[in-house]
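Listed in TrEMBL:
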ACT_SITE  Cys342  active site, proton donor
BINDING   Gly238, Glu273, Pro274, Gly275, Arg276, Tyr370  pyridoxal 5'-phosphate binding site
BINDING   Arg276, Arg312, Tyr316, Glu343, Tyr370  substrate binding site
DOMAIN    29-368  domain 'Orn/DAP/Arg decarboxylase 2 C-terminal'
DOMAIN    35-280  domain 'Orn/DAP/Arg decarboxylase 2 N-terminal'
MOD_RES   Lys59  N6-(pyridoxal phosphate)lysine
Amino acid sequence: MSEFAIHDGVLHVEEIPLTELATRFGTPCYVYSRAAIVRQWEAFQAHMPAPHKVCYAVKANSNLAVLQVLAELGAGFDVVSGGEIARVLRAGGLAKNIVFSGVGKSDAEIRYALEQNIGQFNVESDAELDRIAAIAADLQCTARISFRVNPDVDAKTHPYIATGLEANKFGIPMQDALATYRRAARLPSVEIVGADCHIGSQLTETQPFLDALDRMLVLVDALAAEGISLKHLDMGGGLGVTYADETPPPIGHYLQAMHARLVDYPDLALYLEPGRAIVANAGVLLTRVEYLKANRSKHFVMVDAGMNDLLRPSLYQAHHDIVNVVASNAPEVTGDIVGPVCETGDFLGQNRTLRVAAGDLLAVKSAGAYGFAMSSNYNSRPRPPEVMVAGEQAYLIRARETLDDVWRGETLIPISDTQ
Ligand SMILES: Cc1ncc(COP(=O)(O)O)c(C=O)c1O
Ligand SMILES: N[C@@H](CCCC[NH3+])C(=O)O
């Protein structure tokens, strides 16, 4: 079932033609389907009854309305900054359902998280443990902690988004984990509640997750033998989605396989931190063709969205399907779909074949995760609006930035001081 389907030759999101949204909100524009987000959430939740917990990875799409939808469904949230904590709370998420990951938590972020009484910190180093313990002691509270352990498992994904290898900056090496737990167990201002790992993103096989789980369970056993019993094991996010021809395991299969490994651990709750699997295919980026252009060797479809709006193709050579929103009889063009940014790497798709003419509306698919969230004002381009569709309703959930927004917060200095 897809919430993005063609009716009468026009691509719709739920009940609304994307042409109508382009007229109403302009282009470029991100469009999300509420029903698609809910469906993906429910696919996880069906296999994760309490005390298991699904903590949506806010970094994938942190729009307040997206967080609100998930908060209303009772989601937990995986955050990586003070800003993400603030967003979750603003959207109605509960502090106790927040897990705070990230390799470089600052003093201010730790203090803020403790003051808000978040669920737990996923601690990534010995130095961070000391910092959290000291701040908690200062605030006269107890910090609930898990350690993010690096299980040294190859996630078989793009090197930029693999995080669970020994060479990566994330987590505590497995060999050091026991010693770090022992040390934490003696600190009065921290309470050990779990263990955590995240081996990478856009995984399309179940096996690396199971390998990581097996290694984490060895640690769980070793800790139990020393009297350190954990309440939960957080296996991170990372389940992949279909962008082109990838075949990631269905959510239910992946979860059943994980639970099967945990049958001997009835008191250990499973936590997960999926981001992409919940929102990627719930969003498209709408963009208008400005010009068709050809040089002697190549055709270019120049569109009004660029790498500042959707960075993934430029950064990871990531593939996003790109389709004409309205069935077209225009001549077929094979070439690159490129944006207006002054970078050769500014493309949304390469070597694509499309029936397309200037003025056509295109949809860049699977853009709900790490799309707007990674956008910027590069080239002083205002960032696009975000729209959430629910049935026949469309809500503007973030306004298009204006030309004033691209310099908001900057100030000129008095001319005399520059001489
Ligand atoms: C600690 C942590 N948790 C969860 C995620 C979410 O990953 P994904 O969007 O691939 O599910 C990430 C990003 O890779 C992460 O670094
Ligand atoms: N930003 C990446 C995923 C990284 C996940 C964060 N650890 C992407 O667009 O695929």
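Backbone N, Cα and C atoms are what each Cβ position is placed from, and that goes for glycine too.
Sequence features annotated in TrEMBL and their locations in the structure.
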{"residue": "Gly238", "record": "pyridoxal 5'-phosphate binding site", "Cβ contacts under 8 Å, 6 or more apart": "Ala155, Thr157, His198, Ile199, Gly200, Ser201, Gln202, Leu203, Phe209, Pro274"}
{"residue": "Glu273", "record": "pyridoxal 5'-phosphate binding site", "Cβ contacts under 8 Å, 6 or more apart": "Cys55, Tyr56, Ala57, Asp78, Val99, Ser101, His198, Asp234, Gly236, Gly237"}
{"residue": "Gly275", "record": "pyridoxal 5'-phosphate binding site", "Cβ contacts under 8 Å, 6 or more apart": "Tyr56, Ala57, Val58, Lys59, Ala60, Asn61, Asp78, Ser201, Gly237, Ala369, Tyr370"}
{"residue": "Arg276", "record": "pyridoxal 5'-phosphate binding site", "Cβ contacts under 8 Å, 6 or more apart": "Ala57, Ala60, Ser201, Gln202, Gly237, Leu239, Gly240, Val241, Ala369, Tyr370"}
{"residue": "Arg312", "record": "substrate binding site", "Cβ contacts under 8 Å, 6 or more apart": "Ala318, His320, Tyr370, Gly371, Met374"}
{"residue": "Cys342", "record": "active site, proton donor", "Cβ contacts under 8 Å, 6 or more apart": "Asn379"}
{"residue": "Glu343", "record": "substrate binding site", "Cβ contacts under 8 Å, 6 or more apart": "Met307, Ser314"}
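Annotation note: Gly238 (pyridoxal 5'-phosphate binding site) sits in a coil segment as assigned by DSSP.
Sorted by the number of other CB atoms within 10 A, the binding-site residues Tyr316, Tyr370 start with Tyr316, the lowest.
Excluding Gly238, Glu273, Pro274, Gly275, Arg276, Tyr370 themselves, the residues of that chain whose CB lies within 8 A of the CB mean position for the pyridoxal 5'-phosphate site are, in sequence, Ala57, Lys59, Ala60, Ser201, Gly237, Leu239, Ala277, Ile278, Ala369. A Cβ distance below 6 Å to any atom of ligand 2 is met, among the recorded positions Pro274, Arg312, Cys342, Tyr370, by Arg312, Tyr370. The substrate-binding residues named in the record, Arg276, Arg312, Tyr316, Glu343, Tyr370, extend over a maximum Cα to Cα distance of 27 Å.
Less than 6 Å separates the Cβ from ligand 1 in the case of Glu273, Pro274, Gly275, Arg276, drawn from the binding-site residues Glu273, Pro274, Gly275, Arg276, Arg312, Tyr316 in sequence order.
Put plainly, the recorded positions Lys59, Pro274 were compared by Cβ crowding within 10 Å, and the winner is Pro274.
The average pLDDT for the domain 'Orn/DAP/Arg decarboxylase 2 N-terminal' (35-280) in the predicted structure is 95. As a whole number, the greatest separation of Cα atoms within the pyridoxal 5'-phosphate-binding residue list Gly238, Glu273, Pro274, Gly275, Arg276, Tyr370 is 15 Å.
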